């Protein structure tokens, strides 16, 4: 009998004995429950009642009960398990199991067993009782016929096995069949009255129905009246998500499909983003700083709407990169604009100006610039909040850098050794400073070397009868602490109109310094420009800390930047 009850728990998974392996699937899931006191502290209490005659030795007795209510697959249900040692000797290495019967499977967080689990178990003193208040999650149930669980306890000291297991405990789980409809409406609350009015339905919006646990999903689009419908949905826990509209609101809502009807006529309320009416700017008062400086910043908030905007704050937390301005989360520096504070009020058709400060971090000098990027708006949900961005130079530190140039003559997508171009003039134009362009000529390996170059972000210019191929790198980040490998970018070129060198007239001589028309663009354009620049460096955004742009564009868009292809990557020489 002991061998039949043996089980192995690996990485939080209880593996059932071969005799019952086809009857259960018990997998521990993450839980916030904390491990309680060691079992040795269990005190004698009223043991589980047993009709068995007393025996000499350790004798485990098990009982279990399930909380009232109806539960769905994926939804935790409370189960209380009690194990008593009704014998006159201690039971060592006690291990307790709970699993589903037949095709009904459940999971139990490992830590909820208070140490009475594989591999070592715990000791239950003679006459003592231990109670487990478990959060059991039904995982799967194919047939929908009977949902039942079984509980057992084992110890090598057990002298009687007739009362240490209890099965056939029926649990109130809603069968996955029959199926039910999930319906609703997505609407744009244009008048702000909080209810669905005629004509407010949003057409063509994508609705996705996701089932938990598992990775099952279905998609539909709303009709002309904003309505959507999913037919034949099995009982369970789901999530409905909305996409494909610039109206904002909760990205998703949970849906409990149990046949009660609460999953029909759902409503997704959306509102216009505050970026429709709020225009923010941030501006450093100096062009250049040193590490440790307190930087003065001018913030302007323009409300072009007909209603006042109350509780406006600034969310300036980026990816944690050291180029980001410090102190933006402190009221000492930003006052009522600090995110999470009461905020400020911007009256309708009014511009308000605020003077704030921040600290230039030492690491900003490694980047060659300090960055400030903030989303402005009311509330803690920054979806639809407009973004403002500015930078200033932090000069002084240098590093070796390079640009490699190649032409994929055979168009096979692979850089062959003979496809690197020599004798091509490459220029680096500082994105943030009006300084002369620095040029270098590629060697026989297609490498233009820039030794001891000032840290910063640079536009890459290619001169002569070449032009960048579509999608080719546009920028190079020179970081003072990075090796030459990471300070190198590779540019694919194709034949094009001849571009003369700077100062030689024509296109090559129009802007020999770092300032370009793009540098004076509006904040939104500068923001998009920064995203493109980071992507075009070809360097992993995680490696660079996102250059302060982890939170960009209204709605906190997630920016994914791919590392340069190996075929186009550089090697240190």
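Here the Cβ of each residue, glycine as well, is placed from N, Cα and C on the backbone.
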Report summary line: TrEMBL feature region 'Disordered', matched against 496-532, 533-569, maps to 496-532
Query - Candidate ranges 25-56, 57-88 [criterion: TrEMBL lists as region 'Disordered'] - result: 25-56
Report task. Pull the DSSP breakdown for the domain 'SD-repeat containing protein B' (185-244) and write it out as helix, strand, coil residue counts. Result -> 0 helix, 33 strand, 27 coil
Query - Helix, strand and coil counts within the domain 'CARDB' (58-163) (DSSP) - result: 4 helix, 57 strand, 45 coil
Report task. Quick one: average pLDDT across the domain 'CARDB' (58-163), no decimals. Result -> 95
